[in-house]
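Asks: OK, TrEMBL features for this one:
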REPEAT    103-144  repeat 'WD'
REPEAT    145-186  repeat 'WD'
REPEAT    187-228  repeat 'WD'
REPEAT    410-450  repeat 'WD'
REPEAT    491-525  repeat 'WD'
REPEAT    586-627  repeat 'WD'
REPEAT    628-669  repeat 'WD'
REPEAT    670-702  repeat 'WD'
DOMAIN    806-899  domain 'Small-subunit processome Utp12'
Amino acid sequence: MGLTKQYLRYVASAVFGLIGSQKGNIVFVTLRGEKGRYVAVPACEHVFIWDLRKGEKILILRGLKQEVTCLCPSPDGLHLAVGYDDGSIRIFSLLSGEGNVTFNGHKAGITTLKYDQLGGRLASGSKDTDIIVWDVINESGLYRLKGHKDAITQALFLREKNLLVTSGKDTVVKWWDLDTQHCFKTMVGHRTEVWGLVLVSEEKRLITGASDSELRAWDITYLQEIEDLEEPKPKKIKGSSGIQDTLETEDGTLEMDEAPEDRILSCRKAGSIMREGRDRVVNLAVDKTGRILACHGTDSVLELFCVLSKEEIHKKMDKKMKKARKKAKLNSCKGVEEDPEINVEMTLQDEIQRVTNIKTSAKIKSFDLIHSPQGELKAVFLLQNNLVELYSFSPSLPTPQPVRTSRITIGGHRSDVRTLSFSSDNIAVLSASADSVKIWNRSTLQCIRTMTCEYALCSFFVPGDRQVIIGTKTGKLQLYDLASGNLLETIDAHDGALWSMSLSPDQRGFVTGGADKSVKFWDFELVKDENSTQKRLSVKQTRTLQLDEDVLYVSYSPNQKLLAVSLLDCTVKIFYVDTLKFFLSLYGHKLPVICMDISYDGALIATGSADRNVKIWGLDFGDCHKSLFAHDDSVMYLQFVPKSHLFFTAGKDHKIKQWDADKFEHIQTLEGHHQEIWCLAVSPSGDYVVSSSHDKSLRLWERTREPLILEEEREMEREAEYEESVAKEDQPAVPGETQGDSYFAGKKTIETVKAAERIMEAIELYREETAKMKEHKAICKAAGKEVPLPTNPILMAYGNISVSKTCSSFELEESLLVLPFSYVPDILKLFNEFMQLGSDVELICRCLFFLLRIHFGQITSNQMLVPVVEKLRETTMSKVSQVRDLIGFNMAGLDYLKRECEAKSEVMFFADATSHLEEKKRKRKKREKLILTFT
C-alpha cells in the first residue's frame, strides 16, 4: 500500500517561561572559577543555570523525559549530579554541559544525593527506601544499603570516618559502617518523620529536624577515641558501668547495645532548639564551615542559627559566671544567705544561638548557602511561585540585617498561564496569568513586555498586532498598547467571569461570552485621547444575545454567518450572526463543552469536553460524524491547524494530541509537560504550537519537514511500551538471594538488555570466526600454500571486539547477569587471550570476578573449564602484579616531583602539614592517657 496521506511531524523545540520547578532543590555552582554567582535550578526535565548578577540563563543541562527531583554539585565544582523522578542519576560536566555518566539502580524518584569529601563516591537515597553508594570514577555501583521502611530524606558521609548517616520518613536515623556495609546503629528518639539532618561541631553533634517545631541535637562520642586497643584498660570501680556497656535513650531509660567491639559510636540527646515555625522542617542545612545552621518550614521564613566555637562558648560562660558572682555579692550584702558554691549550667542555647530570620516574598521550596570572599553569607531561594531570590548578610555583626541583592523574575509568570495567543506574523506570543501579561519573541524566547493585569482567562492580538485585549475572571475587558506597555482602557463587559472571546473574520469586531448567561458583540472604534492629539483604539458594544445557561465558549464560523456557543447544559447552540436566530443544537456530551473550534472552510466543528471526549460535527446539518475518546482526563483546549482539517487537543492528562478530522485518526502525541495542560495556541502559519501547563512551563513545538507515517508511529508506540515492560520485569535471580532482594547496585533496564545482546552477538561472531580460521588452516594445509583469508566486514570496522567495547561501565554487571551461561566458557577463554595481550586488565578482572561470583557452582563443577580457570589464574596474577608495579612506579615518580616542587618553594604541601600536626596531637593525647592510666 502506498502513502495515502502524508502528515508532518511536530517536535519539541524549547521550554521557556520557567525559572525553576518545585520538585527539586536549588544549588550554587562554580562556573568560570566564580563562586556565588551562578545557581543550578531544576526546570522540569532540564536543569537551568542562571547568572544571578545579570538575571540571564547561561546554560541548559538537557534531560530526557523524567522530571528532575534532586541536585548536588561535586566538591571540586566541575560536575553536577542530577537525580530524576524515575530513579536514574546523571552526572553532568559543568564545563561542556554534557551528561556522560548515567546510574540506574532505584525503582522510584531520587530524594537525596550527597558526594563524599573527595568526590569519589556518591550516595543516593530514594522513595524506594534504598540507599546506593556509587563509584563516580569507575562509573559503577558499589553496594545497596537496605534497612529503612519509608522514603529516605537525607544521607551524609562523615569526613574522618568511613561512615554514612541517613534519615527517613520511617522516623529513624541509621548509621552505616561502609567497610562492612551494614547498619550498626538505629536512633529511635523521634516520634515523627525525620525530614533533615546535619553534622556540626567537627562532626561531634548531629542535629535533626522532624515534623514538629523542635530541632533535636545529639552528642556523638566515637568510642575509638575513648578507648584505644593498645592502651592498658583502667580498672573498673565496683558497681559502676562503663560507657561502652550502656547507653541512655531520649526518655532517660538505659538501652543495652551490641557488644563493645561491634560499636563504633554512641549518641546521647543533648537537648532541643525551638524553631519559630509550627509546621514540619522542609529543609535543614549548614554552610561549608559548619558554623551557620539554617532551616525552614512550609512558610516563607528561613531561620538562621550560629553554632559557636569552643572559645566563644568559654567567653560566654565566663560572662555568665561573672554575672552570677555579682548577683551573689549583692544578695550577701542584703543579708540573704547564699550557697557559697556558684554553679552555671551550660545549656544547648549557649552553644547554638539564633542569629536572624530571612523573610522571602513567597513560600520557600529550597535554599542554598555560600560564603562570599568578603565574609558575607549569601542565601539563594527557589520559591513556590516560579521565582529565585538572593539575600546576603554579615553574620559577624551583632544584629545582622539580611538584604535582598537580586531576584530573577522576568523569565516567567508567578502563577499558571491560562491563555495564549499568537500575533498574525507568527513572531510574538502572548501569555497571561492571574497577575500579568507577557509578550515573548518566539525565535529568541525572550520576554519583551510584562504588563500587570487582573486574572486573565482569554486573550487575542487586535488586528495590526499593536494592541492586545484580555478577558478577565471579574468580567472585564482590558485593552493594552504593546509599544508603551500601558493599559489603555478597562471595560466592564460581563457580570460574571468572561470565559471566551472570538475575533470576527472581517476583523472589525469580536464577540464575548460570560458567566452572566449572555453573549455580547463588540466593534473596534477610534476615540479621541484626552492626553494626546491622536486618536486611540477603543471598543463599543453593539448587540447582546441573552441565553438560559452560562456561556463557556464562543466561536465565529470563517464566513461570519454562524456563531457557535457552548453552554453549561452540555450542549453547543449555533445561531445566525445577522439575525441571532437559533439554527442548530449539538448535544451528546455528558459534561460541559470546555473548548471548540470551527475548521477554515466552515464544514466541521470539533468540540472538546470535560467528559474526555472530542466530537466532530458537520456544520450543515449538525450531525455527529465521530466521537473520539481523546484523553484520560478533561479536554482543556482544542484548535484546528489553519488551512487543514487537522486539529490539536490538550488535556489534563499532561498530553497534547493531533487528530485528523476527515479520517478520525490519531496522528501523534506530544509528551513533555509534567502537569495538567491549560491551553495551547497554533500559529497562523500552522508551523508552531505553544502550550502552557500547571508545571509553570511554556513549551514551543515546531513542525518539521519529516513525514509521519501512521503505521510506523503505532509501531514506535508499541516498542516504547515493550521497552517499559522489560524494565519492569522481575530482576534475574542470583543464587542465595531471596526473590525481590537485590544485592547489586544496578537494575535491569532496556539498555542493559541491549548491552547483553551486543555481548552475545560479539561472542557468536567470535565462534564463527574461529570456525572459519580452522577451515582456512585446513585449506592451506591441503593446498600446500597460503590462501588469502576472507575477513569479516564487522571485524574490519571495529578492529577487534571485546566486552569493554560493547557495553558501558555502569551497565556491565547487569548485562553480564542477564547473559546465559552457555556464553560464559567462551568469554573466559577470550578473557585469557586478552589478559595475555595485556589490554584492559582492570576491566577484564572486574568482569572475571563478577562472572566467577555469579556462576561459581557451574564453573567449578565443569571439568572442561578447570584448565581455562587455571590458566586465567596464572595470567591474571602476573598481569595484575605488573599493573600494580606500574602504578607504584608512577606514584614514586609523582612523590619525587612533589619533593622537587617543595624544595623549590621551600613550603610543605598544605595537606601534609595538617596531617603531620594531627599525628603529633594524637601522639600527645596517647601519652597523656597512658600517664593518667598508670597514675
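The backbone N, Cα and C atoms fix where each Cβ goes, and this holds for glycine too.
TrEMBL does not curate its annotations; it predicts them automatically.
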Asks: Could you give the number of helix, strand and coil residues in the repeat 'WD' (670-702) as assigned by DSSP?
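Replies: Taking the repeat 'WD' (670-702) as a whole: 0 helix, 19 strand, 14 coil.
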Asks: Please identify the stretch among 103-144, 410-450, 586-627 with the greatest number of Cβ pairs below 8 Å relative to the repeat 'WD' (670-702).
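Replies: Looking at each of 103-144, 410-450, 586-627 in turn, the most contacts to the repeat 'WD' (670-702) are made by 410-450.
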Asks: What else in the chain is close to the repeat 'WD' (586-627), if you only count residues 6 or more beyond its ends and a Cβ gap under 8 Å?
Replies: 552-553, 555-559, 561-562, 564, 566-574, 633-640, 642-645, 647, 649, 651, 659, 661, 664
Asks: According to DSSP, how is the repeat 'WD' (410-450) divided among helix, strand and coil residues?
Replies: 0 helix, 19 strand, 22 coil
Asks: With DSSP as the yardstick, break the repeat 'WD' (187-228) down into helix, strand and coil residue counts.
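Replies: Counting residues per DSSP class in the repeat 'WD' (187-228), I get 4 helix, 20 strand, 18 coil.
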Asks: With DSSP helix as H/G/I and strand as E/B, how many residues of the domain 'Small-subunit processome Utp12' (806-899) fall in helix, strand and coil?
Replies: 83 helix, 0 strand, 11 coil
Asks: Over the repeat 'WD' (187-228), work out the mean pLDDT and round it to an integer.
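Replies: Summarising the repeat 'WD' (187-228) by its mean pLDDT gives 86.
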